[in-house]
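So that you can see what the record holds, here are the features copied from TrEMBL:
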type	residues	note
SIGNAL	1-24	signal peptide
DOMAIN	31-235	domain 'Neurotransmitter-gated ion-channel ligand-binding'
TRANSMEM	236-258	transmembrane segment
DOMAIN	243-444	domain 'Neurotransmitter-gated ion-channel transmembrane'
TRANSMEM	270-289	transmembrane segment
TRANSMEM	301-320	transmembrane segment
REGION	354-378	region 'Disordered'
TRANSMEM	429-449	transmembrane segment
Amino acid sequence: MGPRSHHLSLGLLLLLSLLPECLGAEGRLAHKLFRDLFANYTSALRPVADTDQALNVTLEVTLSQIIDMDERNQVLTLYLWIRQEWTDAYLRWDPDAYGGLDAIRIPSSLVWRPDIVLYNKADAQPPASASTNVVLRHDGAVRWDAPAITRSSCRVDVSAFPFDAQRCGLTFGSWTHGGHQLDVRPRGTAASLADFVENVEWHVLGMPARRRVLTYGCCSEPYPDVTFTLLLRRRAAAYVCNLLLPCVLISLLAPLAFHLPADSGEKVSLGVTVLLALTVFQLLLAESMPPAESVPLIGKYYMATMTMVTFSTALTILIMNLHYCGPSARPVPAWARALLLGRLARGLCVRERGEPCGQSRPPESPPSPQPSDEGVHPPAVPCHEPRCLCHQEALLHHVATIANTFHSHRAAQRRHEDWKRLARVMDRFFLGIFFSMALVMSLLVLVQAL
């Protein structure tokens, strides 16, 4: 080992021996500063040199996470980082007197802290004291950063659910100090969202801050407070898929009961099944919504759809009564034959098998009365042939009876076919009306999602 290497080794050993002394000196200075500051300090009194002077407290809030939004109980749970800054007139020192030490970190329970609380707190538990430290600077500036889980009351308006937006305010202020003793002000115009964790249900639009000065009935002095208003918009994708789309599909399925053949026997069953399905979905919706005066948008849609299905089922029963009138029914009235079986049937393209669309069967005139046995008279000129039919009065009577029965049966069949045709026209007419209503209502609700 050469002389140069020997000198480097000696210098390194000397530096290592002096390092603990330097660190120890800084620690001793911090202990000395702490003893000097808190020798005659009390955290029970407001730290101002002049008692008539108001202490300014700057409040800054950082939104970290939306834990829960309980719409039914109208309670919002947030995870916040709250920073409070003020100046303590009794905690100042000269940095040069303590080796350039300009800031120390001490437990927050040792210094005076402002009694700023959340006014609209919705938690029954007493507030837990934060165990974080405060940063104390040489000029007396105190900065206290503390995390907090807040449960605040929030008036939830679900009139536009699931496409609603909410405004939830968090009001912070001193509980015992009035404005002449403690003045609280926000830092900036809004809360910070830099460290916000995105929520799967809510989209945060902003969190503006506003300072107010109010006078309460209990006290004559004003009380300043800071309100942070959280602006939220609901992410409606999950509700559209789970609640809205099934209702839309069911509502479009309900008018198809008019398209089912009456002989299938399932027309009324389909309407009742659709009504039960909508009732189940409405019960699921009612469990998650708060009991409010304003009915949610999706609730209005459910009620309108259920009303439509109820009316369609009732009309289906009436149309089935027309279909099953039977041969003994009276003929279709003349106005119904001209208006429904004529114009409306051609407009709705209700035709018989093999009949072209746009043309309807011409209304048949009622059958003329057939001659009975009283109308059968022997010829005026006597017939001398023994085998002539004019001598078979009994046979002629039976033939006339059979002819009359056949014509009566044909007339009854025509009346029955007319009522069945009228039922098909009414089915086609109400199919178009109710399907259009269901489509328009569904589009009006789905447009809100765009």
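Think of each number as a place in line: the chain as shown, counted from 1.
Cβ coordinates are placed from backbone N, Cα and C, and glycine is handled just like the others.
Between the transmembrane segment (429-449) and the stretches 236-258, 270-289, 301-320, the greatest number of Cβ pairs separated by less than 8 Å involves 236-258. Mean pLDDT for the domain 'Neurotransmitter-gated ion-channel ligand-binding' (31-235) in the predicted structure: 91. For the transmembrane segment (301-320), the residues of the chain that approach it from at least six positions outside its boundaries are 244, 247, 250-251, 254-255, 257-258, 262, 267-268, 271-272, 274-275, 278-279, 281-282, 285, 295, 423, 426-427, 430, 434, 437-438, 441, 445, judged by C-beta separation under 8 angstroms.
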